[in-house]
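Quick one: the structure is below, and I'll ask about it shortly.
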Amino acid sequence: MSWQQLEGPLPSGLWPDEGSPEWMNKGDNAWELTAAALVTIQSVPGLIIMYGSMVKKKWAVNSSFMALYAFAVVLICWVLWAHEMSFGEKMCPILGKPNFALGQKYLLEKARVGYIPTATFVFYQFAFAAITVILLGGSVLGRMNFYAWMSFVPLWLTFSYTIGAFTIWGGGFLGEYIIDFSGGYVIHLSSGVAGFTAAYWVGPRLSSDRQHFPPNNIIHMLGGAGFLWVGWTGFNGGSPYAANEITSLAILNTHICTATSLFVWLSMDMLVYKKSSAIGAVQGMITGLVCITPAAGIVEPWAAGLMGAMSGSIPWYTMMVLHRKSAFFQKVDDTLGAFHTHAVAGTLGGLLSGILAEPSLLKLYYPKTTYGPGLFYGLIHGRLMDGLKQMGFQILGAVFVAAWNVVVTSLICIFLSRFLNLRMDERDLEIGDDAVHGEEAYALWGDGERRPPHPHRRLTIPSMCRRC
């Protein structure tokens, strides 16, 4: 039955017109734009606030500015070439052909998924790409040369993120095999591994900073974390590209897992260290959000709770126990512990997806493919080999994403080191924001002045130029 035959009973606001073609679902599009806005709010202002407050006071401006810069530059690169590399015409099994995502005709036609315009899809996926780069940056806060970061962002987006996105989501060779509902591998495993790799090549913070790096504002940190948590409603809720049952389940599962993970992490802190830690609670919140991401809409709520218990305990162990005992982890200065909160939790979520994916939910979300079932349901329903096969694919996906990010991130850092200092010089590291940007987070003198004016204040040369 066509819409013309239904025109009578429908309210006039639901009739198709030139701005709302027959193929577009207004409700789905409205929700997807809302979800995209929630994801962008996670980065700006969410991670800007959280990064600027979780670090030492002297690095507050630099840390926030790195996030803001990445958000802006990723959007430029995304519409110029990166979106089509991630979701465009296939060039090879791991990459699409670079092209613009700017044409009016292209942006206003039906998207490759759902009943929404391509412009909505482009914006939503940009929000994913931007937060991935910003999460990566958490590993190198407090010492990476800002000029090197300016170059690193577009290079990593182009040669690393696009490959993971196309391979699993955009029609690449793993797309028909890997369960990754909303980016456990594409976003979190890649950002955690790449951040850890970049931290290795950039080098450590000053010894004094590594030993004593207190947050400069825990209240603001909690506020930024709040943006991150609430924004995850759109992060996972937007992945079905529709306002449907899977969307509702994904949102509920997201919050169940996150709350459970926070509670378990907090409990571990209290049992071992005899104190409840606000910073620890935020870490537990993040690991819960990350762990449920690849499984949000394809597991039952009880499974989401189980995933929360595991994401609040296993990453806690790797960060609070294994990291301190391992010489390898001690050698690499991962400032905010992104390897544990994103790589470990993302891998855990991907593997648990292969175990706990419920068959009927898989059919609802992936109607044209034959994923799963999860290993647990394979055992119950006599499909053990299918469950084991899915687990094998999940492991393969994790290995591919991790290996690609180690290699490509290393090559990018090595390439940039030929032209720029990846790490700030010792003098800038001692001073912090004032040396790097000529600005500080907190005014301590007069009306916004840091100190009395000094007519002979020496101008500093940017670190980028000192190499020459």
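Using the three backbone atoms N, Cα and C, a Cβ is placed for every residue, glycine included.
Pasting the relevant annotations from TrEMBL:
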DOMAIN    30-442  domain 'Ammonium transporter AmtB-like'
TRANSMEM  33-52  transmembrane segment
TRANSMEM  59-81  transmembrane segment
TRANSMEM  122-141  transmembrane segment
TRANSMEM  153-179  transmembrane segment
TRANSMEM  185-203  transmembrane segment
TRANSMEM  215-234  transmembrane segment
TRANSMEM  246-266  transmembrane segment
TRANSMEM  278-296  transmembrane segment
TRANSMEM  302-323  transmembrane segment
TRANSMEM  335-357  transmembrane segment
TRANSMEM  393-417  transmembrane segment
Are there 3 or more C-beta pairs under 8 Å linking the transmembrane segment (246-266) with the transmembrane segment (335-357), counting only pairs at least 6 apart in sequence?
no
Can we call the transmembrane segment (185-203) and the transmembrane segment (59-81) in contact, meaning three or more C-beta pairs below 8 angstroms at a sequence separation of 6+?
no
Give the one range among 33-52, 59-81, 122-141, 246-266 whose Cβ atoms make the most pairs under 8 Å with those of the transmembrane segment (215-234).
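Between the candidates 33-52, 59-81, 122-141, 246-266, the best contact partner of the transmembrane segment (215-234) is 33-52.
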Is it the case that the transmembrane segment (393-417) and the transmembrane segment (153-179) touch, counting contact as three or more CB pairs under 8 Å in which the residues of each pair are 6 or more positions apart?
yes
Compute the average pLDDT of the predicted model within the domain 'Ammonium transporter AmtB-like' (30-442).
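Looking only at the domain 'Ammonium transporter AmtB-like' (30-442), pLDDT averages out to 96.
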